[in-house]
Amino acid sequence: MRIDVLTLFPEMFEGVFDASILGKARQKGIVTLEAINFREYSESKHKTVDDYPYGGGGGMVLKPEPVFSAVEDLHAQSKTTPRVVLMCPQGETFTQRKAEELAEEEHLVLICGHYEGYDERIREHLVTDELSIGDYVLTGGEIPAMAVIDSIVRLLPGVLGNESSAVTDSYSTGLLEHPHYTRPPEFRGWSVPETLLSGHHENIKRWRREQSLLRTLSRRPDLLADAELTDKERKWLAEQSVTTNRY
Ligand SMILES: C[S@@+](CC[C@H](N)C(=O)[O-])C[C@H]1O[C@@H](n2cnc3c(N)ncnc32)[C@H](O)[C@@H]1O
């Protein structure tokens, strides 16, 4: 897979692209990650990329020409037609389902806005998707792009050492994941649940499923409507009085 990010601040991606799981995925050749400064595509003498908004008001607006030229250049280099994703607080809210969908693509181009935003013609005529990472506004699309890239790359085959961990993660199953414990079995008087120490695989599996259902019921009951549950599980959930606190 190839992911190109169009940004005015490519240096922000240096550590992120080289560290941890993303760094390893690049080294293994599973993904090619490039941060491209679209200022290089400006044809003006001073490499200008923004201008005052028509109609007045504060803030600067990214001009269409450099962004269009950069995307068209990437189109020309690509063997496939890339999905062109605009990072945008007004876009579709990014979810695990969207990460799974985008992980199927061969080539993604992510555009990071900055300042007041971008010329509307970029949104109307250049992009295939608009993604928001939540209902809040950041100074630029770089941090949202990092979150989107990280969540996509970890889904690519061969990236996570333990393939099953992405499959059982929260949201992948439609539920929140069960709690985890490690050694020591007792810490400051707080014990690891007996079932996890029992070595009884069936009981552990059942305990984890129940915990996952209870967590989802107490923290994100909205997810249960679309989760794949058996009739027995739905009945069991209906019987539970939820005592778990929200965070
Ligand atoms: C300061 S914001 C512009 C906000 C814009 N004036 C508005 O009200 O919708 C600058 C850029 O940061 C990025 N950005 C900010 N918040 C975001 C979010 N929640 N999700 C995705 N991108 C975001 C976008 O690329 C946006 O163009």
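Glycine is no exception: its Cβ is also placed from the backbone N, Cα and C atoms.
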Residue among Gly113, Gly161 sharing the S-adenosyl-L-methionine site, where TrEMBL lists Ile133, Gly134, Asp135, Tyr136, Val137, Leu138 as binders: Gly113
For Val137 (S-adenosyl-L-methionine binding site), nearby residues of its own chain (Cβ under 8 Å, 6 or more apart in sequence): Pro89
Distance in Å spanning the most remote Cα pair of Gly113, Ile133, Gly134, Asp135, Tyr136, Val137, Leu138, given for S-adenosyl-L-methionine: 16
Around the Cβ of Gly134 (S-adenosyl-L-methionine binding site), the count of other Cβ atoms that are within 10 Å: 11
